[in-house]
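Reproduced below are the annotations present in Swiss-Prot:
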{"type": "BINDING", "residues": "Phe26, Ala60, Leu61, Glu62, Ala86, Val87, Ile88, Asn119", "note": "5-amino-6-(D-ribitylamino)uracil binding site"}
{"type": "BINDING", "residues": "Glu91, Thr92, Arg133", "note": "(2S)-2-hydroxy-3-oxobutyl phosphate binding site"}
{"type": "ACT_SITE", "residues": "His94", "note": "active site, proton donor"}
Amino acid sequence: MNPDIVNLESNLNGEGLRIGVVMARFNLPVCEGLRDACLDELLALGVEPTDITFVTVPGALEIPLALQAMAQNEDDSYDALVALGAVIRGETYHFELVSNEAGAALTRVGLDFDIPVANGVLTCDTDEQAEARMAEKGRDCARCAVEMANLQKAFYD
C-alpha cells in the first residue's frame, strides 16, 4: 500500500472502554454460552469488569430497546454495545419475523445514536447449529465491539 495513504489500523485494546451488553433469555443455554464467551473475551482484551454493564431481556425483539436506552444514557455513556441472543427456526413464519426485525432494529440503534453495536443474535435452523456457533460468535462480538469503539474514537479524535 502507498505509504501516503492514511491507514487506521485495527485496535483490539479494550483498556478504558465502556461496553454495554444486552442478552436475551429465550433459548437460554445458547445465550449463556454467547455471554460467557463474550465477557471472557472483553476481559482478555483489557476491558475492566467495572466498565461492563450486563442486562438481560426476555427475547431478541426486546434487545434493541434496551440497547437504545443504554445509547441515550448521557450519565453513563458507552463506547460500544453488544447484542446477544438466539433465534432458532420453528414451524412458523415467526423465525423470519424475529430475525429480520431484530437485525434491522440493532442496525438502527447503532446508526441513530452513532455507537457501534455488535450483533451477536444467532439465527440458526437447529439447536445444534446454535450450540456449535455460540462460543466463537460471543468472542467475535467482543472483538468487534472493542475494534469499532476504537475506530470511532480514531475518527472523532
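For all residues, glycine too, the Cβ spot is worked out from N, Cα and C.
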Restricting the comparison to the recorded positions Thr92, His94, Arg133, which residue's C-alpha is spatially nearest the C-alpha of Ala86 (5-amino-6-(D-ribitylamino)uracil binding site)?
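When the Cα distances are compared, Arg133 comes out closest.
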Find, among the binding-site residues listed as Thr92, Asn119, the one whose Cβ has the highest number of other Cβ atoms within 10 Å in the structure shown.
Asn119
Tell me the Cα distance separating Leu61 (5-amino-6-(D-ribitylamino)uracil binding site) from Thr92 ((2S)-2-hydroxy-3-oxobutyl phosphate binding site), rounded to the nearest angstrom.
17
Which of the recorded positions Glu91, His94, Arg133 has its Cα closest in space to the Cα of Phe26 (5-amino-6-(D-ribitylamino)uracil binding site)?
His94
Counting only residues 6+ apart in the same chain, whose Cβ is under 8 Å from the Cβ of Ile88 (5-amino-6-(D-ribitylamino)uracil binding site)?
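Residues satisfying the criterion: Asn27, Val30, Phe95, Cys124, Asp125, Thr126, Asp127, Ala130.
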How many whole Å apart are the CA atoms of Leu61 (5-amino-6-(D-ribitylamino)uracil binding site) and the residue listed as 'active site, proton donor'?
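Each residue's Cα considered, Leu61 (5-amino-6-(D-ribitylamino)uracil binding site) and the residue listed as 'active site, proton donor' end up 11 Å apart.
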Work through the binding-site residues one by one (Ala60, Glu62, Val87, Asn119) and name whichever has its CA nearest to the CA of His94 (active site, proton donor).
Val87
Just to be sure I understand the packing, how many Cβ atoms besides its own are within 10 Å of the Cβ of the residue listed as 'active site, proton donor'?
11
Which one of these binding-site residues, Glu62, Glu91, has the sparsest Cβ neighbourhood, judged by other Cβ atoms within 10 angstroms?
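Comparing Cβ neighbour counts within 10 Å for the binding-site residues Glu62, Glu91 gives Glu91.
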If you count other C-beta atoms within 10 angstroms, which of the binding-site residues Ala60, Leu61, Ala86, Val87 is the most crowded?
Ala86
Pop the Cα-Cα gap between Glu91 ((2S)-2-hydroxy-3-oxobutyl phosphate binding site) and Ala60 (5-amino-6-(D-ribitylamino)uracil binding site) into the table, whole Å please.
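Approximately 18 Å lies between the Cα of Ala60 (5-amino-6-(D-ribitylamino)uracil binding site) and that of Glu91 ((2S)-2-hydroxy-3-oxobutyl phosphate binding site).
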Do you know offhand how many angstrom separate Glu62 (5-amino-6-(D-ribitylamino)uracil binding site) and Glu91 ((2S)-2-hydroxy-3-oxobutyl phosphate binding site) by C-alpha?
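Given the Cα positions, Glu62 (5-amino-6-(D-ribitylamino)uracil binding site) is 22 Å from Glu91 ((2S)-2-hydroxy-3-oxobutyl phosphate binding site).
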About how far apart, in whole Å, are the alpha carbons (Cα) of Val87 (5-amino-6-(D-ribitylamino)uracil binding site) and Arg133 ((2S)-2-hydroxy-3-oxobutyl phosphate binding site)?
13
